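**Student:** Sending over a structure as structure tokens; questions will come in a sec.
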Amino acid sequence: MVVAKKSLGQHFLTDESFLDRIVDALPPLNPLKLIEIGVGLGDLTLKLLDHYPLKTYEIDSSLCEKMRSKLKAQKKPFALELVEKDALFLKEEEPYFLISNLPYYIATRLVLNALKDPKCRGLLVMAQKEVALKFCAKDSQNALSVLTQAIGNATLLFDVPPSAFSPPPKVFSSVFEVIKEPLKEKALASLLQAPFFEEALQKGFETLEDFLKACFSSPRKTLSNNLKKSVSYREKLDKVLDFLALENQPTSVRASEIKDYLKLLEYLLKG
């Protein structure tokens with residue numbers, strides 16, 4: 001019997017109906033590789049192997065061993081490449097689509113890594129509902145939603161109750177999808193000069209991420225007050241105020257009230 005490790009944030013999805021809903025929610029993948037983070041008890045992995053070849057990253061050696069034993073006992077139409085490695089260091093050379101029941105404690109970092117990675121063309125993941133709602137929020141409600149909208153389209157698909165897991169978590173989870181959009185990527189990559197598109201895209205994402213951290217550092221305070229505290233952006237405050245005037249927005253706006261962060265950042269960098 002496998003015991004979930006609290007240190008790795010393990011809650012294994014065991015409800016067949018929700019496992020099937022996740023598999024059914026996958027978009028057409030050809031020609032993308034399918035990459036999974038976390039093999040868990042192997043329930044989702046085995047269902048995926050009925051439809052796709054799969055590469056799975058798993059840091060827990062005991063779960064890797066259990067998965068190998070399961071594959072010996074039941075043959076699947078497609079092959080599994082099981083990589084015993086921390087998914088935070090995931091690096092693929094070919095375009096891929098990501099799927100995962102994400103560990104709660106590093107879910108945000110893993111999603112941001114995928115959004116920043118030009119090779120990742122989209123993702124279908126489950127995370128704590130509160131986290132999923134932040135990524136899928138509309139307009140400029142928070143830094144995560146702005147980052148997501150800058151590179152693709154996010155959709156909240158369905159909630160998963162604690163009873164669907166072993167052991168059950170204390171909170172609801174949600175499955176959501178992000179599909180990268182080439183036109184949005186092109187706009188993000190145009191922020192900075194780089195010899196290759198993928199490098200420019202990654203630098204553009206990182207620059208926007210850094211800027212948003214400053215803008216949303218204290219969400220209830222005005223944008224101006226937040227940027228005054230930023231070592232990187234306090235000297236650009238006058239240009240921010242100029243931009244707000246051009247957009248007919250008051251100087252007292254909060255970060256969540258900015259209409260177009262990409263346009264603002266482009267103005268600061270090139271204006």
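Glycine is no exception: its Cβ is also placed from the backbone N, Cα and C atoms.
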**Student:** Can you find which of Glu58, Glu65, Glu130 Swiss-Prot lists as binding S-adenosyl-L-methionine at the same site as His11, Leu13, Gly38, Asp86, Asn101?
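**Tutor:** Answer, per Swiss-Prot (S-adenosyl-L-methionine site with His11, Leu13, Gly38, Asp86, Asn101), from Glu58, Glu65, Glu130: Glu58.
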**Student:** If you count Cβ atoms within 10 Å of the Cβ of His11 (S-adenosyl-L-methionine binding site), leaving out that atom itself, what do you get?
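**Tutor:** Its Cβ shell of radius 10 Å holds 23 other Cβ atoms.
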**Student:** Does anything in the same chain, at least 6 positions from Leu13 (S-adenosyl-L-methionine binding site), have a Cβ under 8 Å from its Cβ, and if so what?
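**Tutor:** The answer is Leu19, Gly40, Asp43, Leu44, Asn101, Met126, Val160, Ala164, Phe165.
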**Student:** Within 10 Å of the Cβ of Asp86 (S-adenosyl-L-methionine binding site), how many other Cβ atoms can be counted across all chains shown?
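**Tutor:** Asp86 (S-adenosyl-L-methionine binding site) is surrounded by 12 other Cβ atoms within 10 Å.
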